[in-house]
RNA sequence: GUGGCCAUAGCUCAACGGCAGAGCGCCUCCCUGUGGAGGAGGAUGUUGUGGGUUCAAAUCCCAUUGGCCACCCCA
């Protein structure tokens, strides 16, 4: 039998990883709610023809497609935009627009995995459907900003904001009117940060654009200014609480996807050089192209996996929460723990204490191996970073007390059980 | 999808055709009511998996699984 392994690009999340992930997703969920984004969840499997309806042919290969037992052609969701477009089309008439929706689900891509790129990953989107105006874009931005703050990433963070309108107008002015050509420029430009201006220049000239023209595009882009619409978005965003200096107009920001029609945005952190932690923009034609009604849309997607990585890397989490959610370990003092006198006379008292702690909403454990001495039990607590040990021995039982030890401070005192509650609960 | 690097003890790695090792961790004891330190002792493996070459394979070759990197792509 082969060694047990996870599938390529698929991961287990052990307790310590789950604590980070739960911490992050908790912040997402509560903040979405505060900003009026209503939760939506759609199936992980969709008809293949739904999944492949629109996108370019390359992505076909990265979508998991197979047959179910009823010979239906189906596939795993590749993103959340497509299922949502399907949902909007299927429920047109029932939905009250503008519709603010949040969605957090695992998505699947059959691409070659690398660090930060997995075949199964958490996708986390907010979008507003059915509103063209700049306030909608600003709302999305301000929700994202709130989350960034709550995650403690706001220090080196900034929004890079560009506009497809600026780009396309500029290209049209230079007689680059062919739609395909315009897309190509957008796609190449997207790599600017990563590969530098020279490489983009080369890339574009390989695609048949003249050097002079490309240079002109760069020059015009760097000198361009935000559209009225973009200015309005930024003004609203500032009124909604985003510091002005966090909103950086970046005319060369493009983003790869070709369906964006207005604002495009990326959120970048300075500290770990990891690129963007969120991205999105306005895509007014996409929903219609999926067979829905003409529905303007704006939104963005958080790089959940990346954000978890960043938080771990910056150590933002390590200090914030202990290694376990358990707050107290009930420990039996050694002398009375012998296999012969099982159950130990300490047990009725110890288990009563354990129940009391749990009834008081203090996450608690008792060491399960009855043969373990007190040193071993303390070591367990120490390694799991359980903050308190509740030690029970014959003296405690006789006096109706417990000895509570603060593992961090290495101090202890003997008190009544009732006095334990405030000590653990509020420290 | 294309190209490259890698897989050896729980972890980090060494050995690069000739008996599979070190550091850290782990276990036991010094310590029968006190965890991060110290001292003494101990255990640890079908070298990712399957085949091939060879007197002999962790080492060379092929396949396969998984990890990493660049490209591709990134809704």
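Even glycines carry a Cβ here, placed using N, Cα and C.
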(request) Look at the L-histidine binding annotation in TrEMBL, where A:79, A:80, A:81, A:123, A:127, A:255, A:259, A:260 are given, and name the residue from A:72, A:109, A:117 listed for that site too. (result) A:109
(request) With H, G and I counted as helix, E and B as strand and the rest as coil, say where DSSP puts residue A:81 (L-histidine binding site). (result) helix
(request) For the domain 'Aminoacyl-transfer RNA synthetases class-II family profile' (A:1-322), would you mind checking the mean pLDDT of the predicted model? (result) 87
